[in-house]
Amino acid sequence: MLKQRTIKQIVKTVGIGLHSGRKVELTLRPAGPDTGIVFSRVDLATPVDIPASAMAIGDTRLASVLQKDGARVSTIEHLMSACAGLGIDNLYVDVTAEEIPIMDGSAGSFVFLIQSAGIEEQNAAKKFIKVTKPVEIRDGDKFARLDPYFGFKLKFTIDFRHPAVDKTGQALEVDFANTSYVREIARARTFGFAHEVEMMRELGLARGGSMDNAIVLDEYRILNNDGLRYDDEFVKHKMLDAIGDLYVVGHPLLASYTAYKSGHGLNNALLRELLAHEDSYEIVTFDDTQKAPRGFAYETQTAFA
């Protein structure tokens with residue numbers, strides 16, 4: 001049986017919020033079978049638990065934001081991406097602010113944190129959402145689409161008219177049957193343009209942003225002295241984001257995802273469209289791990305090993 005997974009022990013870290021610039025304490029705790037990923041604002045007078053779900057995403061302008069009873073947790077996509085890549089089904093995420101810390105701007109720190117805690121299989125079948133009919137959302141020339149596929153693959157195209165991005169490639173296709181999330185995707189950092197960062201700071205945003213947690217570009221080049229971690233780091237980060245955005249649906253998807261210039265809003269709209277049509281998906285489990293898609297039939301640390 002392909003089993004659900006959580007972490008073995010509690011782990012903690014401290015970072016800063018990308019937009020607030022304030023210190024944030026993050027604690028990951030094991031959770032029982034069928035709990036899902038649950039975020040908890042433990043800094044509030046009465047802590048608020050917000051289970052990750054497509055319908056709980058209330059703001060997607062700058063990040064994916066979970067909202068419930070007036071409480072919010074922002075910038076969840078990198079941590080959710082790490083959970084997807086490591087096959088974590090159940091987890092409590094305690095946070096002392098309304099933002100998940102940005103860490104180094106990638107999912108790498110969260111992968112390290114989860115692996116440090118250890119991963120434990122649970123005595124319950126892992127549930128998948130198997131897409132059975134195509135679902136698509138469009139917004140002008142942008143689109144995001146899910147098609148039936150026995151596995152999980154993504155094809156993402158960005159369109160940033162910038163010399164440094166042009167040089168590294170604007171499109172990427174990955175099938176996790178033969179690609180390692182941890183090695184090939186997890187370390188791709190978020191990126192921004194210097195003039196946009198200044199504008200955002202004037203609006204009280206991006207106060208925690210720096211070259212320690214983002215790739216920063218001027219009109220012509222990358223400003224970070226250490227350059228890129230991957231030749232195609234820009235499009236890989238957008239794929240990393242998409243993996244995290246899609247994982248809020250509650251279970252891993254068995255599907256092929258195709259997107260052009262998609263972002264948090266379009267990704268969430270795609271999930272809502274999927275869930276609105278019950279004939280377009282089914283929940284499946286695998287009693288025989290050998291019959292599960294490659295990439296999920298793992299025996300070791302990661303889902304997309």
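Quick reminder: no glycine exception, Cβ is built from N, Cα and C everywhere.
Fair warning: this is a prediction, and the values are worked out from it, not measured in the lab.
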Swiss-Prot has H237, D241 binding Zn(2+). Which one of H78, H162 is in the same site? H78
Cα of H264 (active site, proton donor) to Cα of D241 (Zn(2+) binding site): how many Å, rounded? 8
Non-local Cβ contacts of H237 (Zn(2+) binding site) (under 8 Å, 6 or more apart, same chain)? S106, A188, R189, T190, F191
Using a 10 Å cut-off on Cβ-Cβ distances across all protein chains shown, tell me which of the recorded positions (H78, H264) has the largest neighbour count. H78
Cβ within 8 Å of the Zn(2+) site's Cβ centroid: which residues qualify beyond H78, H237, D241? E77, S81, S106, A107, A188, R189, T190, K238, M239, L240, G244
